[in-house]
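Here's the structure, in structure tokens; my notes come after.
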Amino acid sequence: MRNLRVFWPQNSRHNGTLIGWLHDNVVVIATVVESESNIDIHGLLEGHEKWLELKEGCRDTPVNLGRVHRSDEGFLSITFEDKALNGIKTHFVLYARPSLYYMQFYSLSPLQLDITIKADEATSNIASGGRLVQDILLEPGLRQEQCCDLRCITRQMNASAVVEAALNSSKQPPLPTSKPRAPSQAWKGTRQILRLALDSLFGICNLPLFIFDSTTRLKDVSATIQQFDVRLEQFSFFPSQVRLISTRSRKDIATYSAQYINFYNNVWLIFNDVVIGTAVGTALCENHQYLGQLLYTYTELWTVRYVIDALTWLDDWPVGLKLNTELSRALHLSFMAMTNIWGYALNAISGHLPLIIYLMGLSGSTGLTMILSLSSDLLSLLTIHIYLSYLVATTACHRILLTAGSLWNLFRGKRYNVLQNRLDSWDYSLDQLLLGTMLFTLVAFLSPTIVVYYGLFAAARLVTILMHALSETILAVMNHFPLFVLMLRIKDSRRLPGGIHFRPTKRADIQNALLTVKSVPIAFSRIFFQYLLLWGRLSSHYHPVRLIGHVATASFINPIPRYSIRYSMLPVGSTSPKEKLE
Amino acid sequence: MTNTNTAISRDEKDWQRVLWKRLPYPDNYVPPTHFLASLRKNANFTPYTYGPLVLASTSVCQHVANIFIFLSVFLRLKEHTSNPRFIVWLAILLFCVGYVTWEVLLYRQGGTWTRESRSRVMRSAILVFLALLSLAPVLKTLTEATSSDSIWALAFFLFTLHTLLADYTAPRLQESRERLTSVLSMNAAISAAVVLASRLDSDLSVFALVLFSVQMFALFPLLRRRLFSTPAMFRAFITGILSFASISLMSAHSSMAGWIVLSALLFITFVAPALLVWAQRYKNEIRGEWDVAVPEVG
């Protein structure tokens, strides 16, 4: 041990008794006490409730280490209780005491804002980071067992403010421990009713729709129900979150801080949502007549008139393509019938469109997200005839393409072997060959017609899907934007620790100060971790190459399933919402 | 090197191509007289003679004649010079005649047909008949929008494919499957027939033409392979009938067409074998010990 590193708190006095912890070649000073006499450290600290929570992480209680004296030039000199340490060259490493009340703390690993990951998974990455930093503090040639435990040192640094507060205050009466209140009967009753209401609402949202398949629920079909479900989930977790945060535990400061940040982020987002929603809602309510009229004209123009024009153009040898006349006429008449029926329906509800817009404006007081999801549902309702026509056209085109493929194989005398996933030569019988060849000629001449009609509806469907994607992106932004975290980052980055840096310093009052400990705030990629995930999912689903591939093979294009965009912000290990109310 | 040369000239007679003896010359040494001694030129070469070649080319001739008969029937139906019902009855008659011939040949060759296969044949025949009957209206309007020139070009291409890929060989002794290329040729011919038939006016004529083409292009080649076992005179006789029918039918439309068909058939039957026989002198096939060995079985 040739060098001693002393972690010295900034803004502490320079003369007095040192209280701190001793490691092998590192000394962490918690505070400098002025009194000459031996104070009862143990007694004062054990009576302090907040210290008891931190004691386990700091390995043991701080002890009286010796005395410090500042010379006139500014050099601090320490005389240790343990005589063996005197005379060794000391280097001072300054650190600022973090205030645990404000949830500032040092941490070796970045703060895990994602509260859905279990704590023990997160802390497993610490060891490798700590080892690197230790090399700075070590002399070369020392064996690994003599390394200082940087994790312990950071915990001791975090606890230093509590130690100082405990020692500087005189003996105070122990704080009254809060007893859990016995819940009153009225509260129990209201809780039952609330639980029933929430249960039923959740049941409605998650209603499985058996007409599609057993995994499709009501909330997958409608954006409004999905938004409703998100809000319900958030509200049902509020009581437990509030209780957790009000305990103010210091023991696992990282997890507590993350939950605190997430809770207040959600609260702030909801308030923002409501404020903006009310503003937009009042704008909608005031202009509902005009907007209703506008909506009707544009919808009628785009979804009815243009579609009819396009269908008429297709029937009449479009672009010089010679389509089969009978088939083209049949398709044209059937799609035209569907569009005309929708035109009549649109005409019938045109009187109610201003009312719908007024209702949307009213719902804005519950948040802008509600307005957005209602408008997304309105869009899908207004283009429902395009959706149905697309469904029909896709099925027909897909079947025709499959048939053409398999008949082409028959034409060449081959068959697709499903067991081996390859084409084998196959001995067809004569009638199969004859009929197959004739059908192949038939399909070869009829498929261009069907493909052309499919192309029209596929293009229309792509446009609506992209509009849906836009509204879903905005919804995702509004539901999960980390406003609170960004504000913390700007205002007080010590609450978002991402590691420690040691900077060389020169200070006038402490001449033998060598390094300063600085906390590094977490990177922006961690703040926006949800967004990176969401962006990955959105871009992979709406990737242009994938969409074009789907159009080319006439597969069904569906909007992204809503459950994959909605990122659940609930802590892991949480039980079902019903039990959370207790 | 010199002492090996003298060693070589002495041991020429004692040269052995063995490696398990220590011999005075290197391992890959071959004396000049033995070099390429095992080279055989045109070893299994039996040159074609004119007669059998002409006989074998009659099958090609039958095929081409078939195509022209079909084309002439198509022209007649298009110009309404024949009654479609007559063509339908003709096709059915051809089916019966062909079936009887098939049975006779089978009996002569000693093979019998079980009742099951007979009923299968009947069943598929009736199935094809009914399916054609129902598909005829759809086929009629299939290529309405396409111009006639594209249709003629498409039909020409498909018939060429059919002629090139058809299986003109004699069947082997045991019953073997049809080769892949013959399936493709039959499919090409049926497609050409369908495409041409879609140019006609009435449903019945479409049905008649397609039925006739099924007889001509699907069933007749099967029969023709069976005919290989009959004596040569019979085959020549059948070929003569078919050629005569095609020439006379085509010349009824235009004499130019008749002359073209006649010259084509003559070329295929008589001139092409002569060319092939003349070209045999240039045959130069080299075989040797280094080739894959041909096992002699039996």
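Just so it is clear, glycine is given a Cβ too, placed from its N, Cα and C backbone atoms.
Since the structure is predicted, the reported quantities are computational estimates derived from the model, not experimental observations.
Per TrEMBL, transmembrane segment is recorded for B:50-74, B:86-108, B:120-139, B:151-168, B:180-198, B:204-223, B:232-250, B:256-278.
The transmembrane segment (B:256-278) makes no contact with the transmembrane segment (B:180-198): fewer than 3 of their CB pairs lie within 8 A, with pairs spaced 6 or more apart in sequence. Listed by sequence, the residues of this chain that lie at least six past the ends of the transmembrane segment (B:151-168) yet keep a Cβ under 8 A from its Cβ atoms are 56, 59-60, 63-64, 67, 143, 178-179, 181-182, 184-186, 188-189, 191-192, 195-196, 198-199, 217, 221, 225. B:204-223 is the stretch from B:50-74, B:86-108, B:180-198, B:204-223 with the greatest number of Cβ pairs below 8 Å to the transmembrane segment (B:120-139). Only residues 6 or more beyond the boundaries of the transmembrane segment (B:204-223), in the same chain, are considered here, and those with a CB under 8 A from a CB of the stretch are 63, 66, 69-70, 73-74, 77, 84-85, 87-88, 90-91, 94-95, 98, 101-102, 128-129, 132-133, 136-137, 139-140, 162, 166-167, 182, 186, 189-190, 193-194, 196-198.
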